Amino acid sequence: MWEGLGLQVFLMCLGAVLYSAVAASAPLEHSHRRRLSLHRHRERTGKEGQVLHRSKRGWVWNQFFVIEEYTGPDPVLVGRLHSDVDAGDGNCKYILSGEGAGTIFVIDDKTGNIHATKTLDREEQAQYTLTAQAVDRATNKPLEPPSEFIVKVQDINDNPPEFLHGPYYARVPEMSNVGTSVMQVTATDADDPTYGNSARLVYSILQGQPYFSVEPQTGIIRTALPNMDREARQEYDVVIQAKDMGGHMGGLSGTTEVKITLTDVNDNPPKFPQSVYSMSVSEDKVSGEEVGRLKAKDPDLGENGLVSYRFIEGDGMTVFEITTDTDTREGVIKLRKPVDFETKRAYTLRVEASNTHVDPRFIAWGPYKDTATVKVMVEDADEPPAFLATSYSFEVEENAHDGTVVGRVHAKDTDVANNPVRYMIPRYTDVEQFFSVGPEDGIIKTTRPLDRETLPWHNISVSATEIGGHHQDTKVRVNIKVKDMNDNAPEFATQNEILVCENASPGKLIETVSAVDKDEMAHRQYFHFSIAPEAVNNHNFSLKDNRDSTASIYVTRRGFSRMTQDVYFLPIEINDNGNPPMSSTNTLTIRVCSCDSKDTILSCNVEPYILPAGLSTGALIAILACIVILLAIVVLFVALRRQKKEPLIVFEEEDIRENIITYDDEGGGEEDTEAFDIATLQNPDGANGFLPRKDIKPELQYPMSTSLFLRKMDSTKTETVFFHKSREKSPLSAQSHQ
């Protein structure tokens, strides 16, 4: 790149020298210049009516160019300005203004030559707009109107191509066909694309062959090698170059890296590492327990590497099952049902592993599956005894005597040792201990008579334990049904009273009764009803057996009266016709009630007919209330009489009044004690010389309102009440009053 840049600078300098020589030796009026004649004549009338002619102006110039990045020792001659009014006597002065005037571009005010004093960069600014004007040197008056012109910076190839978005990352499926597009890379060149070949780019691949290629004009990267396998190599580092000048020598270039990753496709079938697998399982394992694992390897990723397993043949297909562990992609063989060492000691299975998802593009590369043989050996284990049946059901007669044989269970040791077995009934299954079992023969017997009506079924367990070995045991369910025996007499289904109207006519049906029996009823067995022998000759009611385990009760006379008899008892005998037959006598209670003409019961209570002979409850309450009122009047009269008596203590000569003197002063402590006689306050009668007798209890002669003379006393103020005679003030009261 630097060699190309040096050659380019050399050519640029050579062009600048030639251009300067030509510009200095040839007047600008010649072939490479263009005369811009502005022969515009505008006529206008002055104040005096004379016609004014605008003077002709003629600028002689070309469109100016300057080569960028010029680094010569002298300023570059851009061009020369010349006006027609310039007679060459030095009176015409050229002035330059605009972009870069005075800093980048300077003008010789005598000759009009314009030079560039600095190196220009087209990529920073492609052109400059300047204004030129010719003025009188002495007066600085314009000789021509100002005119604009443009100085364009001519491009040279000084910028290499750049990849602005690199490095790049791309993905392409493995096994892709040759020419499959991977991605497109694009470089940019800051040089002028409209001038020369400075920005004409060509792409090439520097690293990544022979796997990939790039289109020179578009930068599209494509696969160049068929059957690239991800399992062999997954990532490729590719270097792409972009070169300007159409890729010719002397052009500048730039590079970028592209990391290409091959994505996975399902192009590999699963494969078992070995053809035969050996496993073992103990005969004491239960269904669902794991026997072993095997795995078919598939180098593909994701769903392309998913493998499913199944049995395709073998003598253990009903004994074992295989599932797939989605995390480890292993085939897990489990027990479908228990195995028995004594019955079968080995199984052979054929396992197939296949891909779950198959790519149709690579179906011809199949088959995408593999097979292996699995041999499972059954290991002997010390097993508990096994009963010949999974459960037992027996029947026993109700009320059978103790020791009656119910049935027999049988178990044996399935191991090679064939140890003897001992039987027992776990107590938690027969809490009441209704049964026992022979420890050696397994015969179940009753220990007491059984009552079907109390418990019709007994569900117990019998355990069998091998003698010797590890004393393992097993249990079996035994269901014992108690067969019914006719040992319960029938009885009424309900014990409700039967109601009959006083005006019931003979032959009227008053009730249909039924019976129940705790025993089981045989087919076509029914209850038989009859009136007990002791009541057969009654003239009040009759019974009819309906032969369907019910009986109808009828009235045989009229004229029932509650006054005479309100309740009748009819004994009925019920027979169950069983074997042996059982019967019972049940008493039917019939109550006589008062009814209207439509046989609607009005009342069955006998109380209204009894009360007229005596007093009702209301009358008794009224009498008691009168007695209480009379007693209250007597007590009030006695109390009034006692109030009229003279009091126990009377002062005939003195008129006793209550004189209440109060004061509202704060307590003074000892001053109050010294000012008043406490004894007098506590006993005002003693102050007058009267001491009441303590051996006589005075009677209560005054209302409570006149005997109260105490007042409230608190910690800071004292309200004192005094009693004194009206004729003579006590010293204490006078002192207190003061």
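Note that Cβ sites are derived from N, Cα and C of the backbone, with glycine treated the same way.
Just so it is clear, the model here is predicted, and its values are computed rather than measured.
Here TrEMBL flags 1-24 as signal peptide. Among the features that TrEMBL reports, domain 'Cadherin' is placed at 83-163, 164-272, 273-387, 388-492, 492-610. Taken from TrEMBL, the feature transmembrane segment applies to 609-640.
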Residue counts (helix, strand, coil, in that order) that DSSP gives for the domain 'Cadherin' (164-272): 3 helix, 45 strand, 61 coil
Secondary structure composition of the domain 'Cadherin' (492-610) [DSSP: H/G/I, E/B, coil]: 6 helix, 53 strand, 60 coil
Three-state composition of the domain 'Cadherin' (83-163), taking helix and strand from DSSP: 0 helix, 36 strand, 45 coil
Secondary structure tally of the domain 'Cadherin' (273-387) (DSSP, helix then strand then coil): 10 helix, 56 strand, 49 coil
